[in-house]
Structures are given as structure tokens and as C-alpha cells.
Amino acid sequence: MKKTFGILIASAALAVASFDANAQAPADIPADMNVLMQKYTCIACHRPNQRLVGPAYADVAKKKYSNDEIVKLIYTPNPAHWPGYPPMAPMTQVPKEDAMKLAVWINSLDGDAKTKTTTKKTTTTKKSKKSA
Ligand code: HEC
């Protein structure tokens with residue numbers, strides 16, 4: 001049990017490290033969200049469309065939580081929602097404002113919803129360079 005957890009942390013740290021080395025967002029993460037994902041280390045365990053340590057955000061979106069519910073779950077995860085996954089640590093260091101931004105984005109990833117015209121995309125500038 002303890003050992004598994006150690007490995008989990010190690011691989012999470014590794015994921016962050018190698019990601020920083022690239023300093024580039026995967027194509028499916030908008031630059032502004034990439035900044036938050038890195039800052040709060042969500043990126044180590046989550047991807048929009050891929051299961052990593054934690055569930056793909058697209059799968060979270062399918063659960064149809066409200067944005068407020070997602071913010072709550074970031075602060076107090078409920079592992080019972082995700083059988084077969086390790087429990088997520090409470091991410092209480094994330095300011096509410098940023099947690100809400102992440103929640104809104106996560107909820108926008110529901111693939112079943114009508115593909116929205118993402119006109120916002122043009123505003124994604126490269127401000128992800130800030131971590132040195
Ligand atoms: C060390 C790995 C790890 C990190 C870092 C992490 N998560 Fe998770 N996350 C998980 C796992 C594992 C689950 C599924 C089990 C659970 O909910 O406890 C999960 C579940 C979730 C869920 C679904 C909650 C539910 O009950 O359906 C959301 C939303 C989420 N994470 C968002 C985030 C956000 C936002 C961050 C960054 C602030 C983050 N996670 C950081 C591993 C992680």
C-alpha cells in the first residue's frame with residue numbers, strides 16, 4: 001500500500017518534470033489552463049482526454065457536476081466516485097478563483113455535448129512560459 005503510493009508520487013513528479021522540460025501544452029489543453037494545470041500540478045495526474053493517474057477530465061465532465069460541485073471536489077475529493085483509481089489528495093492550495101476556472105473548463109470537455117464553436121481559441125497566447 002505504502003509502496004504503491006510512493007511510486008505514484010514518484011511518477012507524478014516525473015510527469016511534472018518532463019512536462020516542464022518541454023514547456024509546451026499538449027494540443028488539447030488551452031494555454032491559460034495549462035498554466036493552472038502546471039502551477040497546481042493537476043497535469044501530473046490529469047489530461048483532458050486520457051486516463052492518467054486520475055480520470056480524463058472528459059470523463060469527469062460526463063458526470064454532469066455543477067461547476068461548484070467540481071470546485072468542492074477539488075478541495076475534498078470523493079474517491080468513491082472513481083472505483084479503481086487511487087484517492088486524489090485534497091488540493092486546498094488552489095485559490096477558489098482558479099479552482100472555478102478549472103471547473104468551468106473541465107465541464108466544457110463533455111464530448112457528448114454538441115461540439116461548441118470554440119471561437120475563444122484565438123485568444124490562447126503563449127503565456128505558459130512563466131515557470132522557470
Ligand atoms: C497525484 C495525482 C492527482 C493530482 C495532482 C490531481 N488529481 Fe484530480 N484526481 C486524481 C485521482 C486519482 C482521481 C480519482 C479518485 C478521486 O476522485 O479521489 C481524481 C479525481 C478528480 C476529479 C473528479 C472528482 C470526482 O469526484 O468525480 C476532479 C474534478 C479532479 N480530480 C480535478 C483535479 C484538479 C483540478 C487538480 C489540480 C488542482 C487535480 N485534480 C490534481 C488524481 C490527482
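Using N, Cα and C of the backbone, Cβ positions are placed for all residues, glycine too.
TrEMBL lists C42, H46, M88 with the feature heme c binding site. Sequence-distant neighbours of C42 (heme c binding site) (same chain, six or more apart, CB under 8 Å from its CB) are L36, M91, L102, listed in sequence order.
TrEMBL lists 27-110 with the feature domain 'Cytochrome c'.
What TrEMBL lists as signal peptide is 1-23.
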Integer mean pLDDT for the domain 'Cytochrome c' (27-110): 97
